[in-house]
Amino acid sequence: MKSESESHAQSQIDSLMAVIPAAGSGSRMQANIPKQFLMVANRTLLEYSIEAVLKDARVEQVFVAVSDSNAEYLIELKKSLPTKVHFVTGGNSRAESVLAGVKVAVSQGATHVLVHDAARPCLPKKALTAVINTGLKDPQGAILAIPVRDSLKRAVISVNDETGVTHIESSVDREALWQAQTPQVFNAERLQQAIEHMGALNPQLTDEASAMQWCGFQPALIPGSIRNLKVTHPEDFECVRDWLLADNNDHKN
């Protein structure tokens, strides 16, 4: 077991920086603006997500990967953000945007990176602290995730069904199945190499843990939260909007 002095020395060595991929269009939201720029109480979801990540003082800098097409949304946004938040040019895919941010973080001296979704604004501080604690000390990294609770069904894949109704092929055993969330925390250079090795355009690269798994790592699963919901569909936005408004009211009272 490490002594207190050894643990303190290790914390001095570690340099944690965050990467938030925010270059996506969010087409499934059926909104006229990218989902990360949807507003709740005069603030964007991206601002809430950045604020959530910065609740842990160990996060030294935040690199937000954005698209040039989002320039109009960034003009005012840049004025309201802390100086430790920086924008970098993202790519056409999530993985390309993450890779761009990780490369900048590494160039700035990051030993570890924390990757968080731009449209996951209700991250609890307790969960953030837990995943950072494990991610910094576990060489395989760590991610937030929640055990799958509902029954899972595999659908029959048929292109000849004229009714358009999808039918069940079989049930899937949910034992040992977890639903991945973010943040995901890894050694910075190791994650960069993993994404480059797997290929940023590989369709199987759905999150950072996928790249690490591709290279033989088994990241730790840290219990997340149902509130740590990613806005993907309109009903998701309704949920996080209500939570954020409730939190804002609590802070005012």
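Just so it is clear, glycine is given a Cβ too, placed from its N, Cα and C backbone atoms.
As written in Swiss-Prot, here are the features:
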type : residues : note
SITE : Arg28    : site 'Transition state stabilizer'
SITE : Lys35    : site 'Transition state stabilizer'
SITE : Arg174   : site 'Positions MEP for the nucleophilic attack'
SITE : Lys230   : site 'Positions MEP for the nucleophilic attack'
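Considering only the recorded sites Lys35, Arg174, Lys230, the Cβ with the fewest other Cβ atoms within 10 Å is that of Arg174.
Between the alpha carbons (Cα) of Lys230 (site 'Positions MEP for the nucleophilic attack') and Lys35 (site 'Transition state stabilizer') lies a span of roughly 10 Å. When the Cα atoms are compared, Lys35 (site 'Transition state stabilizer') and Arg174 (site 'Positions MEP for the nucleophilic attack') turn out to be 30 Å apart. Mapped onto three states, the DSSP output places Lys35 (site 'Transition state stabilizer') in helix.
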